[in-house]
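> Just passing along the structure, written as C-alpha cells.
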Amino acid sequence: MRFHALPCSDHSAPSTGVRSLDRTVLRSFWSLRAFALAALCAGVGGVFALSHPAQASESAAVSTEHSVATLITDTDTTDGTTPLHVALRLKLQPGWHTYWQNPGDAGEATAVALTADGHLTGKTDHIDWPTPQRIRDASLMSYAYTGDVVLPLTLPLQQVSDAKTPDTTLKAHASWLVCASVCVPEEADLTLTLPTGAATPSAQAPLFARAAQATPVPSPYQASISPDGTLRLTGQDLSPRAVKEAWFMPDKPGLIDQAAAQNEQIDDGSILFHLKRLPDFAASQPLSGIVVLKDAAGSEHALTQTAAAIAGPAPSASAGTSGLQTVGFLQQVAFAFLGGLILNLMPCVFPILAMKALSVAKLGKAERRTQITSAGCYALGVMVTFLALGGIMMALRVAGAAEGWGFQFQSPLFVTAITWLLFAMALNLLGVFEFLPVSVGGLATPRHGHLHDVLTGILAVVVATPCTAPFMGVAIAGALSGPPVAGLSVFAAMGLGLAAPYLLLTTVPGLAARMPRPGPWMQYLRQFLAFPLLGSCVWLLWVASLEGGASVVLLLATGLVLLGFAAWLYGVAQARLIQQGHTRTNAALHGLALMGLLAALALLPALRHPATGQAASSASGLPKGVEPFTEARFKELKAAGKPVFVDMTAAWCITCLVNERVALDVPSTQAAFAAQGITTLRGDWTNHDPAISAFLKAHGRDGVPFYIYSPAHGPDTVLPQILTPGLVIGTIEQKSP
C-alpha cells in the first residue's frame, strides 16, 4: 500500500499560519500512521510466529560449554501417517568428541528420551547410531563422533482424537559426555512444535541423508566367533584385492579387549579377526557389532554383523589345505605326548638325558623300589615344570601378552642365567667342584637322595624349550586357546612324553639291569658330557649378543669368570676339607667362593633393560634373496599374486637353525625358490616382536619354527617343524601352478 501527498497550488494556498499548522498536523498524521503500520506488522508477525515458527524443523539451541544442541526433523510438518524422523544435533567444539552406543574403554553413550504430545503422540529412546570413529588414547580405545554430530531417532506417532491443539510438540531430554583432555557431562531439554499437514522436506533434510549414509547396513556375510576369539567372516566377494583393511567394533563393552590388535587376515572368501576375549564373554554367547571394510580407493563400508558362537577354535582362512585344521582335546593330548617323546631326540636335551642314563646305570643293581622312586621323582620334576611353564604362558595370554613356546629365551636376563647354570654344571662334570649334598645331574655323590631327580627333571624342561618337536606346535596352540584345565592337561601330557623313556627304563623289569656296569668309564663319560654343555654356553653367548649387544656379552662373560673362580675356590675348599677337616683356611675359601657367586649375581639387575643390538643385525644378517618379514610386505606380495615363503625363526631356537642350515639356505632349495619366483620373508623372534607373535597366533601357532608357503593362486600351506630339502621342494612344486 502506497500513500501519495497531494500538492497544493499557489492560488489555493492558505495563509502562512494555516500552512504552518497544516505541516504540523501532517507530520503528526504521518508519524501516527507509520507507528500504526509498524504495530500492525509486528502484531501480525507475532501472531504468525506463535503458530508457525520461522524454522519449524529445528528447535531453539541450547549452548553448553563445549557444544550446541538442537532438536531437528526432516519435515516442517507432519500428518502422523508415517513415523517422524527426528535427530539430536550436537555441534562440538574442535578437539572434542562424544560417544557411540559402546563408548569403548572409557566414556558414556549419548542418551535421548523423546516424546510427542498434542495432536499426535509417541515416544522413543532408540538412536539409529551412525558408524563411529576409532579414537586410541594410549592403551585405551574409544568409539566416538567429532564435529557436527547428527544422531537420528525414528518416532512412531498416533493421532489423538480429542486433541485440543492441531500441533504436535516434541520434547527431548538429552545427556551426553564430551571429552578432550578432560571429560565434561552435558545435558539439554529441547522443545520443537510441528504443525499438522502433509509432510514436506525441511531445510534439515540433507543432515538426515548424511546420517543415513553413515549408518551401517545389514551384512550379507556369514560370521562365527570361536572360543579362542577368532571372528570369521565368509563371503564370495571377500578377497585381498577387494578389501585392503578391515576392523570390528562390538556394540557392547566388556566382551573383548577393544584396544588389542585384531590382526585381521584377509583371504579369498574370508576375513579373520583375532580378538582377545574377556572373562565375561561366555563361549556360547554370540557377538554383535559393526564390521568396517575399507577398499583400495579408501572408501569405508560399515556392516552390522552378528557372529554365532561355535565350539572349538576357528579354522584359518585357508584351512582347507593348509594343515591348520582344528583338533579335538584327545588329539591335542596325543600330539603333546608324542611331541614330548620326540623332544628327547632334540639336541637341547641330550646332555641332560645322557646324565640320566648314567644315573640309570648306577641304579641297575639297586632295589626295584628305588629305581621306580627315582623315575617318579624325575617325572614329577618334568611335569611340574611343564605345568608351571604352561600356567605362566596362559596367565600372560590373559594379561594381553601373546607369548609362545620358548618365550623366556627372548629375555637376556634368562639367557644369562641359564648360561651360567650350564657352565656351572659343566665345571661340576669336569670335577672342578661337587654339588653337596646332592648333584643336579645325579652324578656327584653316592648318596642317592631323590631331590636331585626332581631338579634334573626341572633342568631338562628348562634346557628343552629352545627346541621344538613335531606335533608340539598344534598341541601348544590348542592348549593356549582352550579352557585352563584342558590346556594344563596338554602340558602335563607333554611332560609325560619327555619323561617316558626314563620311566620305561626304570619300571620295566630287566631294562635297567642291561645297562653297562658301573666302572671307570663312567668318570670319563661324565667329563665328556661337560663339553656339550660348554658348547651350549657358546651358543647362548651368541644369542645374548643378538638380543642385547656387546654390553650383555660383557656382563655374561664377566659372570662366567666370577662363577668359574668361585667354583674353583669351592672345589679347593672341598678337597682340603676331605684331607684336613675344618680349618680357618677352608672357611676363608668358602667365604671367597660365596663372594664370587654373589658378585656374579649382582650383575643380573643390569640385564633387565639392556640396549638392544638386534635391530641392525636382523636385516643385514639375512642370506641373499631373503627379506625381513613384515605383515604389510606379506599382504603386498599376496595382493600382487606373487608366491611367498614365510620362515619364522629365532636365534635361540636350535630346531630353526638346523632347518635353515640343512633345508632352507642350501643351493637346491634356493634354486627351486628362484625357479618359481618365490620371495622368502624371514621373521626374527629372537627378541619379542608383537607383529610376529600376532602372525603366529593368526595361523594357530604359539612358537617357532613356523613355515608357511603361500602360492600365487590357492590356499596357504603350513610345513612341518622339521624340514628336509626334498620336503620343501616337493611342497612348492605340488602347490605351485
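The backbone N, Cα and C atoms fix where each Cβ goes, and this holds for glycine too.
Annotated transmembrane segment per TrEMBL: 29-50, 333-354, 375-399, 411-433, 454-480, 486-512, 524-544, 550-573, 585-607, in sequence order. The domain 'Thiol:disulfide interchange protein DsbD N-terminal' annotation in TrEMBL covers 85-194. Taken from TrEMBL, the feature domain 'Cytochrome C biogenesis protein transmembrane' covers 333-541.
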> Count up the helix, strand and coil residues in the domain 'Thiol:disulfide interchange protein DsbD N-terminal' (85-194) according to DSSP, in that order.
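Helix, strand, coil within the domain 'Thiol:disulfide interchange protein DsbD N-terminal' (85-194): 0 helix, 77 strand, 33 coil.
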> Under 8 angstroms, Cβ to Cβ: which one of 375-399, 486-512, 585-607 has the largest number of such pairs with the transmembrane segment (550-573)?
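The listed stretch sharing the most Cβ pairs with the transmembrane segment (550-573) is 585-607.
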> Out of 375-399, 411-433, 524-544, 585-607, what stretch is closest in contact terms to the transmembrane segment (486-512), meaning most Cβ pairs under 8 angstroms?
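Checked against 375-399, 411-433, 524-544, 585-607; highest Cβ contact count belongs to 375-399.
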> Using Cβ distances below 8 Å and needing 3 or more such pairs, separated by at least 6 in sequence, tell me whether the transmembrane segment (411-433) contacts the transmembrane segment (585-607).
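Yes, since the transmembrane segment (411-433) and the transmembrane segment (585-607) share at least 3 Cβ pairs closer than 8 Å, they count as touching.
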> In the same chain, which residue numbers or ranges, 6 or more beyond the ends of the transmembrane segment (375-399), come under 8 angstroms Cβ to Cβ?
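Sequence-remote neighbours of the transmembrane segment (375-399) are 279, 340, 356, 405, 407, 450-451, 453-458, 460-462, 465, 479-480, 484, 487-488, 490-492, 494-496, 498-499, 502-503, 505-507, 702.
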> Averaged over the whole of the domain 'Thiol:disulfide interchange protein DsbD N-terminal' (85-194), what is the pLDDT?
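Looking only at the domain 'Thiol:disulfide interchange protein DsbD N-terminal' (85-194), pLDDT averages out to 91.
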